[in-house]
Amino acid sequence: MGGCAGSRRRLSDSEGEETVPEPRLPLLDHQGAHWKNAVGFWLLGLCNNFSYVVMLSAAHDILSHERTSGNQSHVDPGPAPIPHNSSSRFDCNSVSTAAVLLADILPTLVIKLLAPLGLHLLPYSPRVLVSGICAAGSFVLVAFSHSVGTSLGGVVLASISSGLGEVTFLSLTAFYPRAVISWWSSGTGGAGLLGALSYLGLTQAGLSPQQTLLSMLGIPALLLASYFLLLTSPEAQDPGGEEEAESSARQPLIRTEAPESKPGSSSSLSLRERWTVFKVRMMAGFELLFFRNTSLSHAQQYRWYQMLYQAGVFASRSSLRCCHIRFTWALALLQCLNLAFLLADVWFGFLPSIYFVFLIILYEGLLGGAAYVNTFHNISLETSDEHREFAMATTCISDTLGISLSGLLALPLHDFLCQLS
């Protein structure tokens, strides 16, 4: 069963001729299709979030215009580096890394807010193409940038790619077995770990940030190959057959006309129902957790923070088969307590070693990843087939909104703390 032809026929392009339903697969072929879809969604999650994570890992380099080689740093010829606040015990850049976070998340937030209003007018295949092109453009633009402003433009492209891809692929899970949600979530966690670890490892090995970014151009190509060549045609989610899956795949996220429904099924989402699917999540930044009593430079410490956070995210996003958490609000509460503890350390400096911070940040990643995967899993269980596509697309807004708010709060907090002697 061809992945490319089948996916594009059913999910995107035709509003004219109806395709002939294919016969049901024998058991062996069905198992093969299951694993192709599982691997496909894992790779889509990996590739979709990869550029977003790399830009966060490179945030300190983007703002300071440092180019690291091994344990040594030097400044590329050209624009003068952004001055540091040498009078502060935090070794601050004049611009917070929250600026990179905002450039990496605000375009995603805009896409997710507008998606329920008109994204259904664009078929799935063109969305995936735009996402892949933007991801590749982000690596190239940041790699060859000679100014912070141009670099932030590349970060914006990464944000557009990640936001458009997340809304698209989460909506796409509504037409596949529920198990693909855990594979998608694990892939996004893998993007965090592999993205942060690859940036850290390649720069530590001696590559410049420019060379490191250019070496990652194969990731957008892998995203396109996973969607067009690996995924199979979506299966019907109930005994109604594939025809129903094909027709529902072409329905907009917000219908202008009431669909024909089976007896006993619920009608279209009301405005109040559309807002009840939102969940809340928080994220903290680590730039000001700077230790002078270590061999790691400030930039290297920041990269290690990012890698450990993403390692925790990957572990917990891959844990759904082992552990299912029903009350996700408890995870958000623990994240708030973690944030308060780290802010207290920034202010009072009571932790004696960076290794304590490493453990706390790993724990923070475990909380964040568990909140993500369990939220989407709970939605897949608690919403009807009719509502699931919309619920998946809109619930991810709260995740992005929480990150955006944390970035906005981090900007004035950074300026305030950096003024301290």
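Placement of Cβ uses the backbone N, Cα and C atoms for every residue, glycine included.
For reference, TrEMBL has these:
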- 1-25: region 'Disordered' (REGION)
- 95-115: transmembrane segment (TRANSMEM)
- 127-146: transmembrane segment (TRANSMEM)
- 152-176: transmembrane segment (TRANSMEM)
- 183-201: transmembrane segment (TRANSMEM)
- 213-231: transmembrane segment (TRANSMEM)
- 237-268: region 'Disordered' (REGION)
- 327-348: transmembrane segment (TRANSMEM)
- 354-373: transmembrane segment (TRANSMEM)
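Proximity of distant same-chain residues to the transmembrane segment (354-373), defined by a Cβ-Cβ separation under 8 Å and at least 6 residues beyond the stretch ends, is recorded for 181-182, 185-186, 188-189, 192, 279, 281, 283-284, 286, 289, 291, 293-294, 296, 301, 304-305, 308-317, 319-320, 323, 325, 328, 331-332, 334-335, 338, 341-342, 345, 399. Recorded stretches compared: 95-115, 127-146, 152-176, 327-348; the one with the most Cβ pairs under 8 Å to the transmembrane segment (213-231) is 127-146. Three or more CB pairs closer than 8 A are found between the transmembrane segment (95-115) and the transmembrane segment (152-176), so contact between the two stretches is assigned (pairs 6 or more residues apart).
Tertiary neighbourhood of the transmembrane segment (152-176): same-chain residues 10-11, 37, 41, 44-45, 48-49, 51-52, 54-55, 62, 99-100, 103-112, 115, 119, 124, 127-128, 130-135, 137-142, 145, 184, 220, 223, 234-235, 237, 245, 248-249, 253, 376, 380, 385, 388-389, 392-393, 396, 400, selected by CB-CB distance under 8 Å and a gap of 6+ residues from either end.
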